[in-house]
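Working notes, structure below.
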2 protein chains.
Amino acid sequence: MTKKNAFYAQSGGVTAVINSSACGVIETARKHADQIGTVYAGRNGIIGALTEELIDTSLESDQAIAALRSTPSGAFGSCRFKLKSLEENRREYERLIEVFKAHNIGYFFYNGGGDSADTCYKVSQLSEKMGFPVQAIHVPKTVDNDLPITDNCPGFGSVAKYIAVSTLEASYDVRSMAATSTKIFVIEVMGRHAGWIAAAGALVEDYGIPVVTLFPEVEFNQEKFLAAVDAKVKEHGYCSIVVSEGCHWPDGKFLAEQGTRDSFGHAQLGGAAPVVANIIKDALGYKYHWAVADYLQRAARHLASASDVEQAYALGAAAVEKALEGKNSIMPTVVRDSSSPYQWHIGEAPLSEVANVEKMMPMDFISDDGYGITDKCKEYLYPLIKGEAYPEYDDNGMPRYVTLKSGIVEKKLPPFEL
Amino acid sequence: MTKKNAFYAQSGGVTAVINSSACGVIETARKHADQIGTVYAGRNGIIGALTEELIDTSLESDQAIAALRSTPSGAFGSCRFKLKSLEENRREYERLIEVFKAHNIGYFFYNGGGDSADTCYKVSQLSEKMGFPVQAIHVPKTVDNDLPITDNCPGFGSVAKYIAVSTLEASYDVRSMAATSTKIFVIEVMGRHAGWIAAAGALVEDYGIPVVTLFPEVEFNQEKFLAAVDAKVKEHGYCSIVVSEGCHWPDGKFLAEQGTRDSFGHAQLGGAAPVVANIIKDALGYKYHWAVADYLQRAARHLASASDVEQAYALGAAAVEKALEGKNSIMPTVVRDSSSPYQWHIGEAPLSEVANVEKMMPMDFISDDGYGITDKCKEYLYPLIKGEAYPEYDDNGMPRYVTLKSGIVEKKLPPFEL
């Protein structure tokens, strides 16, 4: 049996630690050079496989690959490109297998969220049928933290740490200013469907900060919200508000989409944060500041959680190890053994149970009033933001993030139209 | 001659390192306990002196005071409260002197920007006339970096580092996504009158990032701007944009104020970032993301510049030392000896030359096209963001920021109406 090559691709929104998983995959494959040939990476994710744009990672030095561990973003490029169902577009799946066959690729490591778990599952099934079996292993990644079975998803812990720390810092700021100036600080965080990231902001309550959190899971009730904020300001002199981008009115319309128009009539300028800030200002008259963290939160490798970086790496490494054990159509997972002290090990889940299943935040993680988190939620979150894993900095004072050479392998197949 | 007490107050917008200056003042005063009595801090800045709400810092442990060095915000509270001119409101200045007299305060350390330098100057003049001479020393602080004579202002270096690093990280993110998704990332930064902070974002050009920067110093030209952005996207596949909140149209109107209204007709929801993003989307069709950093940038002690933390401390310490040398009506300054290697020492400037003088960004710091910075600007900026000075973190993964006891000294005077 000849040595097979491997294919690795990054999918969907990138994170501060997805490259740490890439590092885990490539370094572990290099350790097993007797069993695995070259690791090819898809240029811009799965699109690179379809168009046969394969980055030859063997051209990258050990040092460059090691630097991936502390570089945010997707070093090989990612994409938002969901393969259609097998019935709708068998052509794309067949092309994938053809490319894998042409480059002797026997291992498919796909690093992403729910959609890519589904793709990974289908590749494994179809390759078998097409007589060129590929071991397909999914490496979990998503700041949304919504993959099932695994305790958490790499990328989430670092966003959570960034949001918890940033909310704390900005709250200290508004506390300093509240006597004569700003009394309200609103921070908008990611999470269109689930309030995992917003929950991390709510942790600042443990640090003496009056905070009201708006989750996508809880319908926005303007009157009740204003009463909650006003009570905090009257007691503490100020209040911080963490609002999830997915926060919505009872009719399902997002706060961020409430018909905002500029003077030219252009729709939807705003985020949820300015909307919430203005609701408070109009009703209660308090001076506000607001921030929208957007990409800053998921790219903030400078404040990554050490737990997260380590798990992202371990899951990438485990994907390769499990492939070498002959495993197929699985996703390595994080299994929590204990929260305090934090102990975990790597498990695995069959892709059939991962694909198309979305893990929501348990309702008993949200406090009764709907504006905070429970002790159970805190016990879940703190281990995920534990520890710091700083990147190196250069003499200018800037982080040493790596940009790879990304040399493309010679094509062997005719072009493919996306 | 009896030993005099000291008064310290924080003024205006707080920063990631103003408490480092407070630490420098208090620790240095404690070292000279034979010459300086108690350091009283104004609760909520100068208002605390007017209302005689004096925080007794002698009640704080050495450990708590040391922790100020790595705690963002204003630990004693700040205020936005500008004393009127002597002619308009002599009553306030006289009250200050009365409070100082009642508590045997012979040293006035005022930590702030241009307005507070002016107040400090007047206190020094008036106290002399009123027969209770107070040595008034101004400790520079402002993220706006607009105080004259000093090479830079504590608070600015840390904001600059945060914005440079965050812009780099988010740019890596958009670069990863650009093939099929987001091609434009816009980050809005502080700086209503001067582009110092925006200039820090422009540093990412040195790290391979296509970036267009919008300064308050350069009138916004929509057509030229769109051409610059489009050229970058066509060449690199994506573009980052750093926009100062002070960016404005030729008629002086801020981009952030262009008549934005929500569905209820509420004015001015937005910042400059969403406006810029929409201008690009409408004209060029590129998908965008945008962030507004707001307080996150000036509170980000987790990513403070080591240069900045050290200088903030040194200026606080120097204020006390110079007071003990008999100096009055001055501001200790940072004097740059060399940029590479970065060397500096503490100098001083008479408050008569500091008060009411605003230092603008030199026009030769902005590139000819108006969208970037020159080598001269980079040479100025890099030393200010050099080095990391991380806070400690607790076992939860959160920073150990201190909240002081803030015990108030017994009042000796009748109440004062503000």
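Cβ from N, Cα, C; glycine included.
Note: TrEMBL annotation is automatic and uncurated.
Some features that TrEMBL has for this protein:
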type: ACT_SITE; residues: B:Asp144; note: active site, proton acceptor
type: BINDING; residues: B:Gly13; note: diphosphate binding site
type: BINDING; residues: B:Thr142, B:Val143, B:Asp144, B:Met190, B:Gly191, B:Arg192, B:Glu245, B:Tyr295, B:Leu296, B:Gln297, B:Arg298; note: substrate binding site
type: DOMAIN; residues: B:9-321; note: domain 'Phosphofructokinase'
type: SITE; residues: B:Asp115; note: site 'Important for catalytic activity and substrate specificity'
type: SITE; residues: B:Lys141; note: site 'Important for catalytic activity'
What residues, ordered by sequence, lie under 8 A Cβ-to-Cβ from the residue listed as 'diphosphate binding site' and sit at least six positions away in the same chain?
B:Ser78, B:Arg80, B:Gly113, B:Thr142, B:Val143, B:Arg298
Using a 10 Å cut-off between Cα atoms, which of these recorded positions sit near B:Asp144 (active site, proton acceptor): B:Asp115, B:Gly191, B:Glu245, B:Leu296?
B:Gly191
Near-A candidates in B:Lys141, B:Thr142, B:Glu245, B:Arg298, the recorded positions, by Cβ under 8 Å:
B:Arg298
Cα distance (Å, whole number) from B:Asp115 (site 'Important for catalytic activity and substrate specificity') to B:Gly191 (substrate binding site):
17
Tell me the coarse DSSP state (helix, strand, coil) of B:Arg298 (substrate binding site).
helix
Nonlocal neighbours by CB distance (under 8 Å) for B:Leu296 (substrate binding site), same chain, sequence gap 6 or more:
B:Tyr162
Where does B:Asp115 (site 'Important for catalytic activity and substrate specificity') sit in DSSP terms: helix, strand, or coil?
helix
Largest CA-to-CA spread of substrate binders B:Thr142, B:Val143, B:Asp144, B:Met190, B:Gly191, B:Arg192, B:Glu245, B:Tyr295, B:Leu296, B:Gln297, B:Arg298, angstrom:
17
Which residues in the same chain, at least 6 apart in sequence, have a Cβ under 8 Å from the Cβ of B:Lys141 (site 'Important for catalytic activity')?
B:Gln10, B:Ser11, B:Gly12, B:Thr15, B:Val17, B:Ile18, B:Ser21, B:Asn111, B:Gly112, B:Gly113, B:Cys153, B:Pro154, B:Gly155, B:Ala312
Taking the Cα atoms as reference points, how far is B:Glu245 (substrate binding site) from B:Asp115 (site 'Important for catalytic activity and substrate specificity') in Å?
21
Least Cβ-crowded entry, counting other Cβ within 10 Å, from the recorded positions listed as B:Asp115, B:Asp144, B:Glu245:
B:Asp115
Name the secondary structure element type, per DSSP in three states, that contains B:Thr142 (substrate binding site).
coil
